[in-house]
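Working notes, beginning with the structure itself.
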Amino acid sequence: HQLSIFSYPMWDYSNTTAAHRTSSASNKDENEEYKEEEEEEEVVIHSSSPWLRKPLWALDHWEGGGEGENDPHNGEHDNHGTATGNNAPMKRNGKRMNGKSSSSTHDYSLIAESQRHHGNDVRENNAIHEDEGGIEMQQTMTKKNGAEDTTSIPAQQQHEKEKEAHHHHHDGVTTTTTSHENERLPRHLTLLDLISIGVGGTVGSGIFVLCGLVANEHAGPATCISWSIAGCAAFLSGCCYAELSGRIPSAGSSYAYAYASMGELPAFVTASCLVLEFLVSGSAVARSWGDKVVEWLTVELHADEQLVSKYLTPGYGINPMACIVSASATCLLLAGVKESKIVTDIFTWLKVSLVIFMAVGGLILLDTNNLHPFLPPEFGMTGVMRGATTSFFGYLGYDGICCVAGEAKNPSMNLPKAVMLTLVIVTSLYVVAALALTGMQSYKEISVESGFPEAFASRGVMWAAQLTAAGEVFTLPIVVLISGVLQPRLQYALARDGLLPHMFCEVNAEGNLRKGTMVAGSLMTLIATFIPFEYLDDFVSAGILVAFSITNSSLVIMRRDSPEDRPFLLEKLLLLFNGLSFLSAIILVHGTKTDVGIFFAVCFGVAAAAVGCWISCSCPRAAVFGGRRMGTSCVDNRQYFETPFVPLIPCLGTFTNWYLIAQLDIFGIALLLCYFALSITFYFSYGAKNSVGNNIGWDHADFMITEGEQEGRGTEPIAPYVQNDLTIT
């Protein structure tokens with residue numbers, strides 16, 4: 001029995017409370033007996049740092065508003081028949097508690113205050129079950145007079161009936177009570193669909209551009225080793241994503257994980273990083289595709305350069321082809337979920353087939369003389385490591401699988417499989433393709449912009465060169481389409497928590513986020529059409545790597561506990577580890593030319609390693625996922641993917657990410673810091689004032705996932721962490 005912001009995990013929560021309370025509608029004796037059990041039960045309150053859960057400046061306001069001596073609503077009922085005031089018991093997970101628990105580390109009067117202003121003391125318990133007619137939802141509403149009203153409506157009819165919102169006005173605050181049904185995404189993505197999203201969003205410039213760049217400038221024939229090292233580094237963070245996605249199968253990816261482990265503000269900063277990965281990065285790919293179309297038309301098809309330049313490169317930074325591909329992807333997504341899913345699957349595996357063709361063709365044309373020396377002396381092992389650093393950026397994108405976790409069938413099994421299989425497939429393609437490319441042509445002659453087409457042409461196989469160039473043009477837009485899929489899901493997760501306007505979490509009858517897709521698609525089209533990306537690539541890459549580091553830290557927080565006598569030691573040590581890792585990486589990259597720089601790099605590196613050992617020795621493994629900080633006390637006996645050697649693997653992944661960030665241009669890092677400042681400003685000006693937690697309370701509804709939902713016939717959980725019964729408009 002939990003009274004926490006996060007259960008273990010909530011959607012796999014095996015608590016029998018909801019089932020007991022549903023049956024209590026027809027058996028009052030059982031209901032009374034259950035209430036007696038609740039009174040005897042020890043209340044466990046979430047004890048995480050409250051300032052991470054709501055704005056620091058709001059602490060005094062929320063905690064100081066519980067006296068209520070002069071409150072005209074104290075002990076009264078509002079016009080909706082809801083008990084209000086200090087006499088109204090606080091409710092968490094369907095339980096009621098009067099006053100505060102002695103085990104609480106901060107005042108929970110904010111929940112009573114929120115309920116007093118928003119009339120949120122109506123208890124709603126949903127028990128979802130299946131019968132021959134489909135899924136039925138039984139709702140038991142406890143009203144002020146103690147009467148209970150139980151209805152059973154098929155889900156299809158329920159969805160239609162609950163589309164209409166009920167508007168209320170109380171104490172000058174306009175609230176909208178919305179249905180959960182029209183805010184829930186259907187679970188329809190199979191394991192193949194998830195892998196298609198992961199592979200389609202990852203394989204792109206890594207094959208078509210980075211292979212040639214690394215071979216020509218960093219590693220020579222040893223490029224395949226660079227890709228292998230980069231793949232191992234990607235697996236460090238990939239393991240963390242695999243476990244968290246299975247445990248927390250909710251839309252939002254790193255945002256959801258940061259919300260569960262760190263709180264609202266860190267989660268919002270993480271979401272701003274994901275906007276760079278999905279929206280801005282998709283725009284960059286669209287613009288790159290527009291440039292490649294122009295090159296393909298003039299070089300391969302020998303089109304009139306003057307004519308192409310007039311219509312496709314009009315100047316002023318405008319890219320018409322980028323506009324066309326972005327707008328087309330948006331229209332396809334608006335056409336429906338089924339259509340976009342089919343196109344994603346088809347084009348992803350066409351791209352994989354193209355890469356396999358290039359790799360096999362290259363191996364057939366391989367000349368062993370081109371592989372000698374395998375490790376060129378002018379590059380050495382240092383060049384291989386630099387090549388691995390560059391190659392790592394070819395792996396960015398696999399985490400998109402986690403953003404659609406709310407629509408995955410059998411999420412606890414399929415999501416970890418999809419993440420790991422995506423990394424295996426992508427790494428295999430990269431390594432084999434790199435070996436084939438360097439075997440076809442001498443690394444000194446490989447083109448850094450069009451490696452495979454030029455290599456095939458150098459061997460006299462012109463049809464393969466033309467096919468490869470055309471294939472790149474026709475398959476690259478799938479990355480734009482997948483970006484258009486992921487960004488609305490991120491907006492959906494934010495809107496469910498009140499951090500964005502409610503329109504972004506509205507789902508139509510076909511299960512499509514139509515409004516969110518329109519907004520995201522329009523922004524992506526405008527950015528791709530008018531904004532050059534010469535100075536933004538490092539800015540985007542740095543944001544993505546910060547999100548990776550936050551995800552790694554989230555897993556450590558969920559798997560480890562601070563000592564009982566030293567609360568929040570784990571969080572402090574993780575913050576220290578990240579800071580030391582960044583300082584060490586900066587000096588390693590930019591300051592090793594002097595003995596003083598080498599000394600400080602070693603000192604910071606050793607200090608970071610010592611902090612990692614401190615975490616491992618001083619912070620014991622949590623008895624259950626989430627640990628004491630989440631108030632979790634029940635054990636889930638289901639089998640989940642577990643990252644081995646925690647905290648070693650997450651910490652190594654975090655250090656790798658900071659090292660890669662240090663490789664980027666200082667201007668891009670400065671832009672990222674300014675971007676974070678703007679994001680935090682938006683959070684305090686809008687998000688903190690409208691969030692569900694700050695306005696309604698940090699409690700969530702009991703939810704039990706049924707067998708049908710595990711098989712994909714259900715929908716994602718009602719809300720990731722908090723029950724969004726009211727939306728502040």
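Each residue, glycine too, has its Cβ placed from N, Cα and C.
Curation does not apply to TrEMBL; its annotations are automatic.
Checking TrEMBL for transmembrane segment across the ranges 264-281, 516-533 points to 516-533. Within its own chain, the transmembrane segment (227-244) is flanked in space by residues 214, 253, 257, 384-385, 388-389, 391-392, 394-395, 398-399, 401-402, 415-416, 419-420, 423, 426-427, 430-431, 434, 548, 551-552, 554-555, 558, 640-644, 649-650, 652-653, 656-657, which lie at least six positions past its ends and keep a Cβ under 8 Å from the stretch. The transmembrane segment (569-590) makes contact with the transmembrane segment (640-660), as judged by at least three Cβ pairs under 8 Å among residues 6 or more apart in sequence. Of the two recorded stretches, the transmembrane segment (349-366) lies close to the transmembrane segment (191-215), with three or more CB pairs under 8 Å once pairs fewer than 6 apart in sequence are set aside. It is 191-215 that, among the stretches 191-215, 316-337, 640-660, 666-686, forms the most Cβ pairs under 8 Å with the transmembrane segment (418-443).
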